[in-house]
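According to TrEMBL, the features are:
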- Arg16: site 'Transition state stabilizer' (SITE)
- Lys23: site 'Transition state stabilizer' (SITE)
- Arg177: site 'Positions MEP for the nucleophilic attack' (SITE)
- Lys232: site 'Positions MEP for the nucleophilic attack' (SITE)
Amino acid sequence: MHTVLTIVVAAGSGLRMGTAVPKQFLPLDGEPIVMRTMRRLAEGVGRFLTGCSSDVNNTVENSNAAHPNHSLLLVLPPDAITRWEELCRQHRFQIPHQTVPGGPTRFHSVQNALRAAASDADVILVHDGVRPLVDDATLARVITTAAAYGTAVPVVPVIDSLRQLSPQGSESVAVDRSAYRAVQTPQGFRGEWLRAAYEQPYDEIFTDDASVVERLGRGPIVLTDGSPQNLKITTPFDLVVAESWLHQPK
Ligand code: C5P
């Protein structure tokens, strides 16, 4: 059986939401977004590891357990760790996890997590703290693909038409959207590959984990199907969409 470490990155400032509270702590159906993300991952990865197959399920049960082969690590802004601990008490959140202070960029946040992790899991997932609706089927595809091929990146087709800007940004040309995919998380990796990748020096083009692992040159990045419900909550509109998704009759 696999051992899985899930790193949840939530150390960004969340400025696009335009609220005083960082977006990862805004309530979604009564619970901070990132707490809901942690529960969803504990439940979904736990289900995969216990081998119980279930249909795509977006509910977050009020469970306070993690599978024994699954460790969770949460990366937070350094000045938000105390606030998180208070929120855990308030919401009776007891899923075992380690917290780690984030760095100046996403790359440095993941690097801090990998250096602090007590786990030597064979598969590591890295997930955005603001994607609380990730479904079981996406999690299962990412874990099985990462274990088999070393990398797994969930993607969805691009829905909008795309235009590429000229270097000055004053002109644009149409591009073929069928040649592109939008990238989601969790991205999954063979543990040893991800740990080696994050020992490389930082480069500005590292906007996600796949770009860091790609630089190692151990093989192509393998794409898996993501899901439209795996929304990244970035704007107040996304929060409304996520709330109504959760309140949909099942
Ligand atoms: O900025 P962006 O939306 O791409 O961030 C993706 C994820 O990385 C978010 O969950 C954010 O909280 C996290 N992040 C981080 N540390 C940073 C910057 C972003 O953990 N320094």
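Numbering starts at 1 and runs along the chain as it is shown here.
Placement of Cβ uses the backbone N, Cα and C atoms for every residue, glycine included.
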Mapped DSSP class for Lys232 (site 'Positions MEP for the nucleophilic attack'), helix or strand or coil:
coil
Non-local Cβ contacts of Lys232 (site 'Positions MEP for the nucleophilic attack') (under 8 Å, 6 or more apart, same chain)?
Asp128, Val130, Arg131, Gln184, Asp238
What is the one among the recorded sites Lys23, Arg177 whose Cβ has the most other Cβ atoms less than or equal to 10 Å away?
Lys23
What is the interatomic distance between the Cα atoms of Arg177 (site 'Positions MEP for the nucleophilic attack') and Lys23 (site 'Transition state stabilizer'), given in whole Å?
30
